[in-house]
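Trainee: Quick paste from TrEMBL:
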| type | residues | note |
| --- | --- | --- |
| TRANSMEM | A:29-50 | transmembrane segment |
| TRANSMEM | A:62-83 | transmembrane segment |
| DOMAIN | A:123-418 | domain 'NADH:quinone oxidoreductase/Mrp antiporter transmembrane' |
| TRANSMEM | A:126-146 | transmembrane segment |
| TRANSMEM | A:158-180 | transmembrane segment |
| TRANSMEM | A:200-220 | transmembrane segment |
| TRANSMEM | A:241-260 | transmembrane segment |
| TRANSMEM | A:280-298 | transmembrane segment |
| TRANSMEM | A:318-340 | transmembrane segment |
| TRANSMEM | A:376-398 | transmembrane segment |
| TRANSMEM | A:410-430 | transmembrane segment |
| TRANSMEM | A:451-473 | transmembrane segment |
Amino acid sequence: MSALILILLLPLAGALALAFVSSVRWAGWINLGVAALTLAAALWLGWTVAAHEVVAGLHFRVDAFNVYLVVLTAFVGLTTAIFSRPYMRHVCANARISPPGVRIYHSMYQTFMLTMLVALTTDNLGVLWVAVEGATLATVLLVSLYRTPEAVEAAWKYFILCGVGIALALFGTVLTYFAAQQVLADPTEGLTWSVLYADAAALDPTVMRIAFVFLLVGYGTKVGLVPMHQWLPDAHSEGPTPMSAVLSGLLLNVALYAVVRLKMLVDGSLAATDTPHLAGALLMGFGLISFLVAGLFLHRQRDIKRMFSYSSIEHMGLMTFAFGLGGPLATFGALLHMLVHSLTKSAIFITVGHAAHIAGTQSIDRIRGLIRTQPAVGWSLLLGVVAIAGFPPFGVFASEFLLLTATIQTQPWLSVALLGGLAVACAGLFRHVHPMVYGTPPEGQQPVEANMLPVMIHLGLVLWLGLAIPALLAGWLDRATGLIAGSHLL
Amino acid sequence: MSLTQLPLLEQFVLLQAALVLFLSFGLLSQTRLLAAIHAFAWQGALIAAVTLTVAIAGHAHHLYFSALLTLALKAMLIPWMLHRLVRRLALERHTETLSHPALVSMAAVALVIFSYWVVVPIVAEELTFTRNIVAVSLAVVLIGLLMLVARQQAVAQVLGFMSMENGLFLAAVSATAGMPLVVELGVAFDVLVAMVLFGVFFFQIRDSIDSLDVDRLNRLTETEEETP
């Protein structure tokens, strides 16, 4: 319990303190320190959950499923903070932001971490909604941080689209609460997920069916499911790069986490009706469409960060599809994919941030010859793309292989679509990345100050997960699989 | 069960809900910004009145607080903030011509019918009251959404956004007798922060495109040859 309080208090304290630090030097270090302490607290929480199965307190509840995401969130939060320090100094040196901008940036970074951790650890569907909406509010000022017309436009789009989406999710939450009040002995507990889950079979299926559509569209907007994905490429390409890394690596995961939790409720409620797999089928449909459409859009991109944000949509689609497929194998694969995608994608965005500083632009056509100018950045980008495209021996290959196996077992025809989509996405990525890495560098292109440690740690972990998943982690994921799918894989 | 057989207090809540829906139509077609803000404030006041009625009917004490919160936030604070922003942006006399006013109104009517269609499955089991109230609040939410699509002016879009929230409050209060307090406070906090941020964005948008017509925010597209 104390670890739980600590992981929420630390980012809160950090956010408040950083609101008053306008020296980019100090703010970077404080941000890093707070992130490191949060990771320590998250590991402590993980250890407690491993010992006691569930840690629960007023409105909060942590089990095997969310604790692994808590640790992942805190970890990516720390490595991105390491990257953000030199990045923001570079940005300040080029006078792209003012001292108030520095305060907003660091304070909102920690506020964002807070909302992510609250959303993950809460047991109350209402608090979950408040936290996910809070995440939008915390990041929207960061998207417009550079104040260019494009940045303001991206932020406005992000604000309105996510605000609308999340409002629909609140309507779904109200309907769920309404269904719960008809059956629960204590109606005030009608938003507590664990209580609802225990009584899921009694919830009125007609109301829950309508509620789930709203919830899926609402949280699906934040997952970036096509056709509600329009905000995602804009927000990723116009904001500061550390923000893109945490948006892709964390926010999308947390939104998907919310969808999966709600699917568990709806599955319980619909089990006895004539459409028991309605929620799963909806997830599969949305997931597959997002996966295929994003793969095609990858080919047309001219901005490096936009391209990788489409790759994020593609992978989120794949995970949504897998959770919709259900069953232990697909669920285990999806959980593993969440983990490796977060690590790989944040590593890629970090590298892209350095690459954009080297070339002085985000335009794919003008980023050339990274390996010759700065081999560390060039190789990291190449390896990151190899990993995200799903080549062995990286972890993404392992999880995609599991997902493909699960699809062949249950829906063999859909595996054709999956394989086709993977090939299209892979071609799209390499088509753009090859000249950026190998081409001839323009005259006078200089290396920049870059800290490649976070990238190496992330890619190292992804490689390790591809070669051999540690027994501890496999057991951890297996317990989460048992919670979601009802039976264990291992 | 016909509506006239409902208890008087429930009939009263339905009447107020109908007025909220009516004001949504008013917001949608009101071209003068200040008048639209006033309509929005009245909508907020009506939601607070619904909350008060439900509180009296059900002897739910936490709803008295909730009614006060709604009144302060939706009927006073947010309209006042919008009013001040409109004055600071010198938009008092701003009128906006909807490109297809009749079409937009017809679409709103279609949304109301659609909302009733969505709640049809609940008819068999639930009371007439709940069905109507859920349909009306869904219609308010969807008309807010339509307003975001139909209006090009940033302030009008924010009004649409906020009236969506009004529809959600209406659903929460009348169909479920109010959300738990912690959730309600959280939602109110989010709405308030969102309003402050919208204010910040009005100035950022004006600085970047010299107008608040968000249709001119069109630099980010997929087909563009040279992404800036």
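The backbone N, Cα and C atoms fix where each Cβ goes, glycine too.
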Trainee: Taking A:29-50, A:200-220, A:241-260 as candidates, which has the most Cβ pairs under 8 Å with the transmembrane segment (A:126-146)?
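Mentor: Counting Cβ pairs under 8 Å, the winner is A:241-260.
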Trainee: Under a criterion of three or more Cβ pairs within a distance under 8 Å and sequence separation of at least 6, are the transmembrane segment (A:410-430) and the transmembrane segment (A:318-340) in contact?
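Mentor: Counting Cβ pairs under 8 Å, at least 3, so yes.
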Trainee: For the transmembrane segment (A:158-180), which recorded stretch in the set A:29-50, A:62-83, A:200-220, A:280-298, A:318-340 gives the largest number of Cβ pairs separated by under 8 Å?
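Mentor: Per the Cβ count, the answer is A:200-220.
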Trainee: Where, among A:62-83, A:280-298, A:318-340, A:376-398, A:451-473, do we find the most CB pairs under 8 A to the transmembrane segment (A:241-260)?
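Mentor: Between the candidates A:62-83, A:280-298, A:318-340, A:376-398, A:451-473, the best contact partner of the transmembrane segment (A:241-260) is A:62-83.
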Trainee: At a C-beta cut-off of under 8 Å, are there same-chain residues at least 6 beyond the transmembrane segment (A:318-340) that contact it? List them, or none.
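Mentor: Same-chain contacts beyond the ends: 68-69, 72, 220, 223, 225, 253, 256, 259-260, 263, 277, 279-288, 290-291, 387, 394-396, 398-400, 402-403, 405-407, 409-411, 418, 462, 465-466, 469, 477-478, 480-482, 484-485, 487-489.
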Trainee: Would the transmembrane segment (A:62-83) count as touching the transmembrane segment (A:451-473), i.e. at least 3 C-beta pairs under 8 angstroms with sequence separation of 6+?
Mentor: yes
Trainee: Could you pull out which residues elsewhere in the chain have a CB under 8 Å from any CB of the transmembrane segment (A:376-398), counting only those six or more residues past its ends?
Mentor: 311, 315, 336-337, 339-341, 343-345, 347-348, 351-352, 354-355, 358, 369-370, 422, 425-426, 429-430, 433, 436-437, 447, 450, 452, 455-456, 459, 461-467, 469
Trainee: Can you work out which residues elsewhere in the same chain, 6+ from the ends of the transmembrane segment (A:280-298), have a Cβ less than 8 Å from its Cβ atoms?
Mentor: 212-213, 216, 220, 224-226, 229, 259, 263, 267, 307, 310-311, 313-314, 316-326, 414, 417-418, 420-422, 424-425, 428-429, 432
